[in-house]
Amino acid sequence: MYLKVIVLFLAVTLVVESTGIPGGLVDADINDKDVQKALRFAVDHYNGQSNDAFVRKVSKVIKVQQQVAAGMKYIFTVKMEVASCKKGGVKTMCAVPKNPSIEQVIQCKITVWSQPWLNSLKVTENTCM
């Protein structure tokens, strides 16, 4: 009897681990167009809210996760560096210097909530250090 319960428990645990918990966080594909759109929105939001004279660009994506939550929640962990473009200027050709100083590199966790049927993107968390 106990052996059947243990086997059933292990089987359920294995299924949940391999498929993930419904509504739980899962790794996202950085190359997905919706993920890219949310990341661009997150960086634009950061640049709009910061007091930096120059814009920042993502230099490294550390982790991207997504979660179904009345839409899609994207959680980005990224490194951002100061680019060569001042805020308010044309940003199409901004480059990140080859050897940025350590003070110019920040790591951010930015959460974007997407509700495509409402044409809505919203930053719900923005923590940088």
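Residue numbering: from 1, along the chain as shown.
Heads up, the Cβ atoms here are built off N, Cα and C, so glycines get one too.
Computed from a predicted structure; not experimentally measured.
According to Swiss-Prot, the protein carries these features:
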SIGNAL    1-18  signal peptide
SITE      GLY23  site 'Reactive site'
MOTIF     67-71  motif 'Secondary area of contact'
DISULFID  CYS85-CYS94  disulfide bond
DISULFID  CYS108-CYS128  disulfide bond
In whole Å, how far is CYS94 (disulfide bond) from CYS108 (disulfide bond) when you measure between their Cα atoms?
20
Rounded to a whole number, how many Å is the Cα of CYS128 (disulfide bond) away from the Cα of CYS85 (disulfide bond)?
20
Least buried of the disulfide-bonded residues CYS85, CYS94, CYS108, CYS128, going by other Cβ atoms within 10 Å?
CYS128
Chain-internal residues near GLY23 (site 'Reactive site'), provided their CB is under 8 angstroms and they sit 6+ positions away:
GLN67, VAL68, ALA69
DSSP-derived structure type at CYS128 (disulfide bond), helix or strand or else coil:
strand
Residue counts (helix, strand, coil, in that order) that DSSP gives for the motif 'Secondary area of contact' (67-71):
0 helix, 2 strand, 3 coil
Quick one: average pLDDT across the motif 'Secondary area of contact' (67-71), no decimals.
94
